[in-house]
Amino acid sequence: MSLYQGDKALEALSLGKETQYHTHYDASLLQGVPRRLNRDSLSLTADNLPFHGGDIWTMYELSWLNSQGLPQVAIGHVELDATTENLIESKSFKLYLNSFNQTRFENWHIVEETLLKDLTACAKGRVHLTLYPLSHFTSQPIVDFVGECIDNQPIEIDNYQFDSQWLNGSTTDTLVEETLVSHLLKSNCLITHQPDWGSVMIQYKGKKIDREKLLRYLVSFRQHNEFHEQCVERIFHDIMTFCSPDTLTVYARYTRRGGLDINPWRSNCEFVPETGRLARQ
């Protein structure tokens with residue numbers, strides 16, 4: 001998108017550039033992206049956000065050496081609060097985690113402390129982190145968003161350019177409280193334009209939203225270039241702008257890349273996100 005072109009924060013990223021893998025711990029590999037880059041275009045300010053929320057990351061490829069040199073593995077769960085100044089750029093996150101591979105740590109607690117310290121410093125805000133042994137996940141089933149899937153509609157689409165106007169005039173006077181789900185969300189990385197595949201849950205209370213128009217709107221992200229977190233905030237903003245629901249939650253879970261998946265959520269009401277893996281995760 002042209003509104004990001006020339007921004008120094010993006011030009012400094014390792015994303016889209018040839019990089020070397022570091023096998024010893026290096027916190028400087030982490031890179032943050034100011035959330036304001038997207039929020040300025042939506043007229044959102046840090047001191048008056050219309051939502052709360054977080055960016056939930058799952059770290060599947062985390063390994064280090066114990067004090068005897070024996071490799072250790074874990075799966076990590078990280079959540080950045082939506083109020084952090086920066087989001088974490090995913091390639092830098094991957095490179096940072098790889099730097100643990102040949103580094104010795106005395107115990108798991110020190111690894112957790114190190115990760116939390118570095119991610120908090122990069123995000124410039126509140127971060128929660130927990131490491132789990134692999135056994136923690138062996139009995140966890142694949143789940144699905146609970147809601148009505150809107151994907152199987154007999155409609156024809158031939159335009160895949162982003163257009164928020166699909167939501168204009170999309171409500172009726174019927175008041176509802178419902179949860180809608182689509183697995184057709186696809187956008188592209190802001191820098192590399194690599195595809196990002198996701199499922200999205202939209203939970204709202206207010207005037208009924210036309211499901212065909214909502215699906216056309218979501219499909220219009222198909223050639224849109226933004227980070228995962230930015231797309232979710234844009235969806236939240238556009239639904240609030242055009243549909244004016246009393247309450248709204250938008251929660252997307254994306255497929256993993258480089259051993260990481262990103263699952264942003266934004267809400268203006270009480271909401272606790274389920275963190276179970278979806279079928280494509």
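From the backbone N, Cα and C atoms, a Cβ is placed for every residue, glycine too.
Annotated features in Swiss-Prot:
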type: ACT_SITE; residues: C189; note: active site, thioimide intermediate
type: ACT_SITE; residues: D196; note: active site, proton donor
type: BINDING; residues: I88, E89, S90, H228, E229; note: substrate binding site
type: BINDING; residues: S90, K91, R257, G258; note: NADPH binding site
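Take the CB of R257 (NADPH binding site) and look out to 10 A: across all protein chains shown you find 16 other CB atoms. Under DSSP, S90 (substrate binding site) is assigned to a helix (H, G or I) in the three-state scheme.
Within 10 Å of H228 (substrate binding site), judged by CA to CA distance, lie the following recorded positions from the set K91, C189, D196, R257, G258: C189, D196. For G258 (NADPH binding site), the same-chain residues that are 6 or more apart in sequence and have a Cβ closer than 8 Å to its Cβ are E61, S90, K91, K94.
If you compare Cα positions, R257 (NADPH binding site) sits closest to D196 out of the recorded positions I88, E89, C189, D196, E229. In terms of local Cβ density within 10 Å, I88 ranks first among the recorded positions I88, C189. Residues S90, K91, R257, G258, recorded as contacting NADPH, have a largest CA-CA distance of 9 Å.
Neighbouring residues of the recorded substrate site, listed in sequence order and excluding I88, E89, S90, H228, E229, comprise V33, D55, L87, F93, F227, I262 (Cβ within 8 Å of the Cβ centroid). When the C-alpha distances from D196 (active site, proton donor) to the recorded positions I88, E89, C189, E229 are tabulated, the minimum falls on C189.
In the three-state DSSP scheme, G258 (NADPH binding site) is classed as coil.
Other than S90, K91, R257, G258, the residues of this chain whose Cβ falls within 8 Å of the Cβ centroid of the NADPH site are, in sequence order, F93, K94, G259, L260. Each residue contributes its Cα atom, and for E229 (substrate binding site) and the residue listed as 'active site, thioimide intermediate' those atoms are 11 Å apart. Between the two most distant C-alpha atoms of the annotated substrate binders (I88, E89, S90, H228, E229) there are 11 Å. Rounded to the nearest whole angstrom, the C-alpha distance between the residue listed as 'active site, thioimide intermediate' and I88 (substrate binding site) is 13.
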